[in-house]
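The ATP binding site annotation in Swiss-Prot covers GLY11, ARG72, TYR73, GLY102, ASP103, GLY104, SER105. What Swiss-Prot records for ARG21, ALA22, VAL23, VAL24, ARG25, ARG154, GLY185, ALA186, GLU187, ARG211, LYS213, LYS214, HIS215 is ADP binding site. Positions annotated as Mg(2+) binding site by Swiss-Prot: ASP103. Positions annotated as substrate binding site by Swiss-Prot: THR125, ILE126, ASP127, ARG162, MET169, GLY170, ARG171, GLU222, ARG243, HIS249, VAL250, GLN251, ARG252. Taken from Swiss-Prot, the feature active site, proton acceptor covers ASP127.
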Amino acid sequence: MKRIAILTSGGDAPGMNAATRAVVRKAIYEGLEVYGINYGFLGLVNGDIRKLELGSVGDLLHRGGTFLYSARYPEFATEEGQLKGIEQLKKHQIDGLVVIGGDGSYHGAEALTKRGFPTIGIPGTIDNDISGTDFTIGFDTALNTVLDALDKIRDTATSHERTFIIEVMGRDAGDIALWSGLAGGAEAIIVPEESFNMDDVVDRLNKGRERGKKHSIIVVAEGVMSGNEFAKQLAEYGDYHARVTVLGHVQRGGSPTAFDRVLASRLGARSVELLLEKRGGLAVGIRENRIVENDISEILKEKHTLDQKLFDLASILSI
C-alpha cells in the first residue's frame, strides 16, 4: 500500500479535523502518500481529490467542523455512484480509504468494501448512535455545549421561577438528551428510546412544587417531538407555561474537547495501521478505553441502544 485517501461525510462533528490530522500524519510517518477528498462521497465521484502534506493539517487539532468539507450524496447508494467512486480511486492510484462519519457514511464504506476496495470507518457524529463504540467523535463536545446552555438557562429559570424546555439533537438516539440532562440535573428527560406519559411528567413537576421547587428544566430530544409541541402539550395537562430553547446546529460547532481530540487521534492512527495490515472493511471504536475494530457490516446490523441504567439513574436523581 502506497497511497491512501480520507473523506468526511454527513453531518459535521467536532473532532473530525483532529481525526483527519491523525490519519495524515500517521500515514506520512509510515511512508504513505495521503490524499484528501473534498465534500465526502460527492467529491469522490467528482474527483475532487488533493494531495495532503504534513503542513496541510497544521493548526487543525482545535478547529471544529471539517476542513475537507462535507455533503450528503444519497446517489452513492446506487451501483453507478459506487463504480464512479472506485474509478476515481483507481485513477488517482489510491490503495485504501478512511471514511469519517455516521451511519450513512458507514453504508458508503461498506459498499466500497463489498466491491473489493479496502475501507476503514471512523465514527464521527454528535449523536453517539453508532454501535461498536462507547463514544463517537464529537459527542463529548456537543454534550458540553448543551450542558453549558443548560446551566445558563437554569440561572434564568431560577430567577423567574419558570419551567424551561430545551430541545436538543437526536432524531433516533437520545444520548445527548440523556447525558446532558443527567449532568445538568434536568427534572425530566425525554428520549426516542423510552416512551413517556405527560401525566407522569406533570406529576413529577407537581411533586417538585410541593417541596418548594419553583423552577424546572426538561430536556427533549428532537426525535420525540419539537420543544414547542412538548410545551403545548404540557400546558394542556397542567399550569406549566414553559419557555422553549431550541439549541439546533450550535451543538455541531465549536472547538473539540480534550476527550474528542484524543479519541479522534487514537482512532485516526489505528485506521492507518489497519490499512497497512491489509484489513479493510472494519470500523474502529473505543470500548472501556481500548481501541477496538469490528466488521463494518456487523456494526450496521446492530442497533445502538440507550444506556438503561444511566436513564434510570437520571430519573432517580432528578426527584
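Including glycine, each Cβ sits where the backbone N, Cα and C put it.
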How big is the Cα-to-Cα gap, in Å, between ASP127 (substrate binding site) and GLY102 (ATP binding site)?
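If we compare the Cα positions of ASP127 (substrate binding site) and GLY102 (ATP binding site), the gap is 9 Å.
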Once near-sequence residues are set aside, which residues in the chain of ARG252 (substrate binding site), 6 or more away, have Cβ atoms under 8 Å from its Cβ?
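Listed in sequence order, they are GLY11, ASP12, ALA13, PRO14, GLY64, ILE126, GLY138, ALA142, MET169.
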Quick one: pull the CA-CA distance for GLU187 (ADP binding site) versus ARG72 (ATP binding site), whole Å only.
36
Among the binding-site residues MET169, VAL250, which residue has the fewest other Cβ atoms within 10 Å of its own Cβ?
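Comparing Cβ neighbours within 10 Å for the binding-site residues MET169, VAL250, VAL250 has the fewest.
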Near ARG243 (substrate binding site), which residues of its own chain have a C-beta under 8 A away, given they sit six or more steps off in sequence?
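Within the chain, ARG243 (substrate binding site) has Cβ neighbours under 8 Å at ALA157, ARG162, THR163, PHE164, ILE165, ALA231.
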Roughly how many Å separate the Cα of ASP103 (ATP binding site) from that of THR125 (substrate binding site), to the nearest whole number?
9
Going along the chain, which residues six or more apart from ARG72 (ATP binding site) have their CB under 8 A from its CB?
SER9, GLY10, GLY40, LEU42, GLY104
Taking the Cβ of TYR73 (ATP binding site) as centre, how many other Cβ atoms lie within 10 Å?
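Result for TYR73 (ATP binding site): 21 other Cβ atoms within 10 Å.
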Measure from the CA atom of GLY102 (ATP binding site) to the CA atom of HIS215 (ADP binding site) and give the result in Å, rounded to a whole number.
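With the alpha carbons as reference points, the distance is 37 Å.
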For ARG243 (substrate binding site), name the DSSP secondary structure in the helix/strand/coil scheme.
strand
Can you figure out which of VAL23, ARG25, VAL250 (the binding-site residues) comes closest in space to SER105 (ATP binding site), comparing Cα atoms?
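Nearest in space to SER105 (ATP binding site), counting only the binding-site residues, is VAL23.
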Looking at Cβ-Cβ distances, which residues of the chain lie under 8 angstroms from ARG171 (substrate binding site) while being 6 or more apart from it?
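When sequence neighbours closer than 6 are ignored, ARG171 (substrate binding site) has ASP127, PRO192, ALA221, GLU222, GLY223 within Cβ distance under 8 Å.
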To the nearest whole angstrom, state the Cα distance for the pair TYR73 (ATP binding site) and VAL23 (ADP binding site).
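Approximately 23 Å lies between the Cα of TYR73 (ATP binding site) and that of VAL23 (ADP binding site).
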